[in-house]
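A quick write-up on the structure given underneath.
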Amino acid sequence: MYNRVDGEYAHTEQAEESSWPADGSECAQTLTEIARLESLAPGELFDRMGLCFSKPHTSDAIDDSSNTSGLSTSSLSSSSELSVATSPVRPLFDYRTAELPQANVSGICVGLAAEWLLDLPSSASSRMGVLLPGTENHRSAARRQEQSEKLKTQLKEDKAEGSHNFQAKSTILRDAGLEPSAEETRYRFGTSSCIDKIVNELAQDPSVHLVSLKFVQPGAGTHTIATATSNGTTILSDPNYGEFTVPSDRVGGLFKSLAERYSTLNKRDISAVVTQRIRYGHPNATDLALFPRAEPHR
């Protein structure tokens, strides 16, 4: 059973635990290693991309009656913020710099993330505005998502080796003018040491990442977000909620708030975070530092 408070697994999740080594590298693995350990075909890993969801864009007020664990504090801490088990989790929308209402209702998070990466040189409000339903960028995101799904289907039919989702996703990113890494890394989510490793990667300055959130609940699928870091600031784009901005040393707190939002309001608990680094090769922004420096929430 998964414990929302400390992010650890009890005996019912032994199959999940067995996929992680006990040699000190338990926080991070490449997807090919995960496939070997779990005796799964690599193409079956994270092939549910695009199954996205969100509650309406309401306030972050939490109905305690719906929270069976009585969760009001969290120990999903990051040492970068010197959090302790009793520290409250900051409401996610405190970090938000731009909204993105109703853009992902059809589950096109991969396409929306790709479009966001292409528009990094713009301002936060502009980046979100061009992704709203009815815009050309939103239609383009839907086409990219459809292309990804068709590629995955074709790869499965051809019995191609490797992760079908990873290959399809990388193809649409390259077609968009981006340069995705040839490898993904999966991090266990929940303990402070593992969250620190996620933060250390995403907060590298400068860097751009496509990030997949894997959930504990069976059939919950995987949700895709994106991050960009430059000049000591990290921007996170979640197609369900919008854009969030923090100083890079506070990325851990942002992820805690994101996890709390999905857990409390969507009943989805993050079990793993999968990262893929993107070299920003878009012709309109050859230097990542060109993207506008939004004023972080303090």
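For all residues, glycine too, the Cβ spot is worked out from N, Cα and C.
Within the set 1-25, 176-200, the record from Swiss-Prot flags 1-25 under the feature region 'Disordered'. Across the range of the compositional bias 'Basic and acidic residues' (137-162), the DSSP-based residue counts are 21 helix, 0 strand, 5 coil. When other Cβ atoms within 10 Å of the Cβ of Asp238 (active site) are tallied across all protein chains shown, the result is 28. DSSP classifies Asp238 (active site) as strand under the three-state reduction. For Cys109 (active site) paired with Asp238 (active site), the C-alpha to C-alpha distance reads 8 Å.
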